[in-house]
Amino acid sequence: MNALTGHLSVLGHGVVTTVELTAVTTVAALLLGIIVAILRISPVPMLRGIGLVYVEVLQNLPLLALLVLFVFAFPQIGITFPLFTSAAIVIAAYEGAYMAEAIRAGINTVAVGQAEAARAIGLTFSQSLRYVILPQALRAVIQPIGNICIALLMNTSLAAAVGVVELTQAANNVNLVEAQPIEVFTGAGLAYMVLALIIGFTTGRLERKLAIVR
Amino acid sequence: MSSLKTKLVPRKSAALAAVAAATVLAVAACGGGSGSSSSAAGSTSNSGLGGSGVLAQSVYDSAPVAPASAIPAGSTMAMIKQKGQLTIGAALDAPLLSQQDPTNGKIEGFDADLAKLLAKYITGTTNVKTVTIGTQTREAMLSSKQVDAVFNTYTITPERASQVAFAGPYMSSGLAVAVKSSDNSIHSVKDLSGKTVIVGANTPAITELPKAAPNSKQVAFGTDPEAVQALTQGRGVAYVQDLTLLASDAKANPAIKVVGQPFTSEPYGIGLNHDDAQFKTFVNNWLKTIESDGIWAKVYQATLGSVVQGPVPTPPAIGSVDGS
């Protein structure tokens, strides 16, 4: 295990970057997902159209292609973001589409009567969303959102292709010195597994805690 | 509110989504087109170089074939001769070293041509089966005997030599520095201290740069065209990569230039199975033969010599490196 223990600081920095990237993009993707899901159920046809196009476009393009496009095409028109920021923006936008679909599925689980009741007591569209629909909808899809978070964690490894030194890139760099790919990548794989288990455990706890007892 | 009642807005049609996606794809393709113009130019001229990088048939015809006495029964060479083809691990995307021409499927370049010449030395024909190989899998492929030899700009190091045997070195190159053509402040690797430098992911530059230019900050990109693009877009002040690769990049793309001399020495070896000393001796003898009869120089001239300035270098002495 010398190949791993001799490079703990490099691998540790990689883990920290992966966790940072995952945390930032999860929050951004969740907010984006809520907004897009609301667009998709809004009463205005145009907004529904924008939501639909957003989801279909982002879900149907490979993440790596989006990353490379964003990092290399935007500087061409004079907009250059740092690499970490670029990766975070693209991954958040991409995972936001998946979040939106999960949240929309949650909204569909809320009975029609709830929305009708909300309207009957005089709540506006946004009030009925805030106080009636979304609190129930989000509770219903905690586990699917957790699954998207885990997929997001795995997808952060693609940021390595555009120069972000996260866990995968760190493992590559260590392997370059040690030429022990089995040890190094098993170690990196275990680290990803631990992170994914933490996410799974957290969402499992959250789901039980926030379950609606009907 | 009507849609809140029904909740799920029915998908208009798959066609609408397809049209929308196609539009965005087209827009994206346009953006990418202008964005990657230099890399597109790079690939065009690389194929142009491929034209001049093809070794003349007469060189293959005049190449030596091992005498029967050099191939004892039961040896690795005898097995390769019986099969009638040499199986090698190599890249398909290294310009001038080992690059597949998409128009005819042939693999050309310095490494690829040497592999064909080794095949001829053993079997009498230039029949080579190429297995695409990654830098992470070379040692495993050799020890499990999935390939007979690895021709892959495989730098000889003592760490690697504990797992594989190296014939050679058959070539010596080194890491060099490329900058934007408009940049006149950087003259050598020493000027890179404290600057942001672009490197190729999984290349020796990642470990060598901190030794040559302390405090420099690295940004790694996955492919060579991406790294060149990043340099022209100012993601770093310089791009550190193997001299042969940089020379062909600079020839293809006038926006960048190579400055100074290589600051490392990378002796390339032919990777062989660690426990097959007989085959290693055989390959080393073949290298000595083609180096002394001028075939090595002809291969160099036809490939790397077309972009690297200066006379044909003298090949490094066989076994001169720790690990070979």
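The backbone N, Cα and C atoms fix where each Cβ goes, glycine too.
As written in TrEMBL, here are the features:
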type	residues	note
DOMAIN	A:15-203	domain 'ABC transmembrane type-1'
TRANSMEM	A:20-39	transmembrane segment
TRANSMEM	A:51-73	transmembrane segment
TRANSMEM	A:79-97	transmembrane segment
TRANSMEM	A:145-164	transmembrane segment
TRANSMEM	A:184-204	transmembrane segment
(Q) For the transmembrane segment (A:145-164), I need the partner stretch with the highest count of C-beta pairs below 8 angstroms, choosing only from A:20-39, A:51-73, A:79-97, A:184-204. (A) A:79-97
Q. Out of A:20-39, A:51-73, A:184-204, which stretch touches the transmembrane segment (A:79-97) the most, going by CB pairs under 8 Å?
A. A:20-39
Q) Which residues of the same chain, at least 6 past either end of the transmembrane segment (A:51-73), have a Cβ under 8 Å from a Cβ in it? A) 36-40, 42, 83, 86-87, 89-91, 93-94, 96-98, 100-101, 155, 158-159, 161-163
